[in-house]
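K.L.:
Please see the structure below; I have some questions.
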Amino acid sequence: MSIAYLDPGNIESDLQSGARAGFKLLWVLLGATIIGLLLQRLAARLGVVTGMHLAEVCNRHYPTVPRIILWLMVELAIIGSDMQEVIGSAIALNLLSVGRIAPAGVVALTRVSGLSSSGLRKLEAFFGFLITIMALSFGYEYVRVAPNQGEVLKGMFVPYCSGCGPTQLEQAVGVVGAVIMPHNIYLHSALVKSRDINRENKKEVKEANKYYFIESSIALFVSFLINVFVVAVFAEAFYGRTNMEVSLQCNETGSAHSELFPANNETLEVDIYKGGVVLGCFFGPAALYIWAIGILAAGQSSTMTGTYSGQFVMEGFLNLRWSRFARVLLTRSIAIFPTLLVAVFQDVQHLTGMNDFLNVLQSMQLPFALIPILTFTSLTSLMNDFANGLVWKIGGGLVILVVCAINMYFVVVYVTALNSIVLYVFSALLSIAYLSFVSYLVWRCLIALGVSRLDFRGSVQYPPAVLMDEQPEFDS
């Protein structure tokens, strides 16, 4: 579950946050992680109490057409996330090979690397190994750069951004959008089913909820520290630097990538690829290669997590049980196709440019996970004594409203920067359909929260819970 907070999209958002705003947005990262933890708590409780994961609950409670639309939206989010993992892994391999492997070949290699099959416990151990690699890699960069610890703590706990403008505001929105991933809500509600819990014993269910929350807190604390490492490194070393400074430094060190930075005084713009290059220019080749190893670990762990999410979503919404190998073959092939096109006709630097579009795509899918999870965890008929109380209903509703509003702002900023009338018109038509479906989900959510007067004809029926003790299949 914590891997979704460490995917290449998050890493890129972190380094851009540090390069554009210094330490000033660390408090946004902290707040987004806390919000993510609260949402993961809801997902875990749903799985523990009902014995069903979110996709299965949606399948039982939503009519056919909304259910199919919801499934398509979640699948779109998973494919978009998988593309980000492919891009991150491709860039890491390109850096490690010093550009010897062509972009298309690098992308193809990442496709093969995702086709693996192991049990859940073995994969948990493997994920732990990859997280350790990320911690050591980005921790090395942190120690090597040695950020000002006082500034790190100030940025983390003082919710203020002095001298910030539209660029920093947009970056703050991007941080929130990158941290909270829609498919991760579906995943976490399924993962908790792998533990044997007697759901007829209220005390045992309560205890399981407590320990799952502690487990999630520890996991997200570790992922938060790794994210802080990345933000702090780029805040200390590259905040306020110009292209000219970086270009001169890269030329002095004999870097083969100095042409990436034009000889002008514009503020340095970095991404995953350029981030590794500038680390190599300022702190030596070891910093570049260790950075690439960390990005590769992030990409490979995240793509396997996305595959599991896709497996549960397909099984839950469509009652289809594919082997995980078949599932990863399908989703990875779909994710590879547009990425491969860019890699064939552009160089590897343009691969990372797709991340902005993919972050927008993820942001648009967020309501299709957050609204259902609040809806179903608030139903007494489903959750019994573990349904959300008034505080969680109001607080959860406000949190989801704020998160969705922030992400919609991010989408609007991206669309308005396209400068195309045709795209504006297409976006407007798409927005009408999109907002209509979101409004439908909100309507059903408000009824579940207790606003029964909105159910004008008594057409919204939520059947009582049916406890399901079978565990999900994790092996193909």
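Just so it is clear, glycine is given a Cβ too, placed from its N, Cα and C backbone atoms.
As listed in TrEMBL for this protein:
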- 25-43: transmembrane segment (TRANSMEM)
- 64-81: transmembrane segment (TRANSMEM)
- 87-111: transmembrane segment (TRANSMEM)
- 123-143: transmembrane segment (TRANSMEM)
- 212-235: transmembrane segment (TRANSMEM)
- 277-298: transmembrane segment (TRANSMEM)
- 329-346: transmembrane segment (TRANSMEM)
- 366-383: transmembrane segment (TRANSMEM)
- 390-415: transmembrane segment (TRANSMEM)
- 421-443: transmembrane segment (TRANSMEM)
K.L.:
Which listed range (123-143, 390-415, 421-443) shows the maximal number of Cβ pairs under 8 Å with respect to the transmembrane segment (64-81)?
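P.N.:
Top-ranked stretch among 123-143, 390-415, 421-443: 421-443.
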K.L.:
Counting CB pairs under 8 Å, which listed stretch among 123-143, 212-235, 277-298, 421-443 touches the transmembrane segment (390-415) the most?
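P.N.:
Stretch with maximum Cβ contacts: 421-443.
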K.L.:
Please report, as numbers and ranges, the same-chain residues at least 6 past the borders of the transmembrane segment (277-298) whose CB is under 8 Å from any CB of it.
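P.N.:
Apart from its flanks, the transmembrane segment (277-298) reaches 6-8, 10-11, 85, 88-89, 91-93, 95-96, 130-131, 133-134, 137-138, 140-141, 144-145, 233, 237-238, 246, 249-250, 253, 255, 257-258, 260, 268, 270.
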K.L.:
Report, as numbers and ranges, every residue of the chain located at least six residues beyond the transmembrane segment (123-143) whose Cβ falls under 8 Å of a Cβ in that stretch; write 'none' if there are none.
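P.N.:
Residues 2-3, 6, 222-223, 225-226, 229-230, 232-233, 279, 283, 287, 290-291, 293-294, 297-298, 300-301, 304-305, 474 contact the transmembrane segment (123-143) from elsewhere in the chain.
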